[in-house]
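K.L.:
Quick one: the structure is below, and I'll ask about it shortly.
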Amino acid sequence: MGAFFPVILLTPTPISSAHNLYLFQMLELQENITDSQPMDPPSLEIMMLHHLMIILVTLFGNTLLIYVIYKNNAVLRRKRVTPVQMLMLHMCAADILFALISVGPTMAITATVPFFYGPNLLCKLTKFLQVIPMYASSFLLVAISADRYQAICRPLASMKSSIYNRPALYSGIAWTAAILFSTPQLYLFEKRNGDCSENYTTALQYQLYVCLFNSVVWLLPSAIAGWLYLCVCKAVWKSTSFSSSLRNNMKKMEHMKLTEKNGGMQAHHKGATMQCVELDRRRVQTVKLTLTIVAANFVLWAPFCITSVIDAVWPTAINSTFATYIMFFGNLNSCMNPWLWFHFNRKQLKRACPCRKSSEPLIQSLVYVHVMTSEQSDF
């Protein structure tokens, strides 16, 4: 392992690598080891401030998203959350846990560097709990992708079972898998010489675990979600094109019939058309939202995961200070999801504001409420 980068991935997670790298740099300075550095390493204050900002922004954004979802359902008199909302609530839970049990303990450990004040059991439990939200977040993205694939690409099979059982099953599998994949942390870490550190027996074990971790938490979920969304986008494009053509033909036929009839039937036809348009819009909007969340997860985790693998197989290739700054990108993922949801659901965010009055036309509002309060709505 490299001269400056040997401990950044002792815990192959961005939150723990910050502590490990900073510990190494502190010991390096104490021993008066000098080497050329292209940039100054972040100070302890900067790292602590970064962790604190991640915690505050994550808690605020995800708590606000939970409030907006339930507030809108109350306004629309919907008794249950939709499948997408249910999975987004699970994502909020994973992000909140990341802030509390992943980043939070890291702040405490970083503040007490180079010592870990706690028994060996607490060391193992901390390392075990820290990675559960990371696995859960990635697996829940696959669950969202699979749910959209089932709802859009296989609608007949989806109708045979309850639309609420499917996301509950997918989210349950995601959390269970996250716990199972986190169990190696219980065996890899222990308290030694006052610090909670790894106990790899060989360099090959370290390399295999780092590569496996990054594959399971980033590469494989991204690949699976990408393939599912490729199928979803094709299905949505075909469905939208067919619906548009069908509506145009119906308009022509109905126009000929309605020219001799009263305006009441014209209003009924207009309402039915708007309902169809609203369903298509909701379908496309849902796909855009979930696809953007998956893409953001891939982009934000890519720098750290690629850096991790490079260090595992070629330790001298990357400067430790540069790798520390790269680490910051992965932590931003827990902050982004709520704001991406708000971007695609600005109307729901405005509706949740108690002081804002609705300015939607009456017929459009009625159509929207009918679509969104339908117990069979999958969006």
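Glycine residues also receive a Cβ, built from the backbone N, Cα and C atoms like all the rest.
Annotations for this protein, taken from Swiss-Prot, read as follows:
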- 19-48: topological domain 'Extracellular' (TOPO_DOM)
- Asn32: N-linked glycosylation site (CARBOHYD)
- 49-69: transmembrane segment (TRANSMEM)
- 70-95: topological domain 'Cytoplasmic' (TOPO_DOM)
- 96-116: transmembrane segment (TRANSMEM)
- 117-124: topological domain 'Extracellular' (TOPO_DOM)
- Cys123-Cys196: disulfide bond (DISULFID)
- 125-145: transmembrane segment (TRANSMEM)
- 146-168: topological domain 'Cytoplasmic' (TOPO_DOM)
- 169-189: transmembrane segment (TRANSMEM)
- 190-207: topological domain 'Extracellular' (TOPO_DOM)
- Asn199: N-linked glycosylation site (CARBOHYD)
- 208-228: transmembrane segment (TRANSMEM)
- 229-289: topological domain 'Cytoplasmic' (TOPO_DOM)
- 290-310: transmembrane segment (TRANSMEM)
- 311-320: topological domain 'Extracellular' (TOPO_DOM)
- Asn319: N-linked glycosylation site (CARBOHYD)
- 321-343: transmembrane segment (TRANSMEM)
- 344-379: topological domain 'Cytoplasmic' (TOPO_DOM)
K.L.:
I'd like to know if the transmembrane segment (321-343) touches the transmembrane segment (49-69) in this structure, counting it as a touch only when three or more C-beta pairs sit under 8 Å and are separated by 6 or more positions.
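P.N.:
With 3 or more qualifying Cβ pairs, these stretches touch.
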K.L.:
Sort out the residues at least 6 away from either end of the transmembrane segment (125-145), same chain, that have Cβ-Cβ distances under 8 Å to it, and list them.
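P.N.:
Result: 11, 13, 15-16, 84, 87-88, 90-91, 94-95, 97-98, 101-102, 105-106, 118, 167, 170-171, 173-175, 177-179, 181-183, 185-186, 188-189, 196, 216-218, 221, 224-225, 228-229, 232, 290, 293-294, 297, 333-334.
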K.L.:
Quick check on the glycosylation sites: of Asn199, Asn319, whose CB has the lowest count of neighbouring CB atoms inside 10 Å?
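P.N.:
With the glycosylation sites Asn199, Asn319, fewest surrounding Cβ atoms within 10 Å: Asn199.
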K.L.:
Quick one: give me the count of other CB atoms within 10 A of the CB of Cys123 (disulfide bond).
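P.N.:
There are 20 such Cβ atoms around Cys123 (disulfide bond).
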K.L.:
Between Asn319 (N-linked glycosylation site) and Asn199 (N-linked glycosylation site), what is the CA-CA distance rounded to a whole number of Å?
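P.N.:
The Cα atom of Asn319 (N-linked glycosylation site) is 24 Å away from the Cα atom of Asn199 (N-linked glycosylation site).
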K.L.:
Considering only Cβ pairs under 8 Å, which range in 96-116, 290-310, 321-343 makes the most contacts with the transmembrane segment (208-228)?
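P.N.:
Per the Cβ under 8 Å count, 290-310.
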K.L.:
Does the chain bring the transmembrane segment (290-310) near the transmembrane segment (96-116), so that three or more CB pairs sit under 8 Å (pairs 6 or more apart in sequence)?
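P.N.:
As far as Cβ distances go (cut-off 8 Å, pairs 6 or more apart), the transmembrane segment (290-310) and the transmembrane segment (96-116) do not touch.
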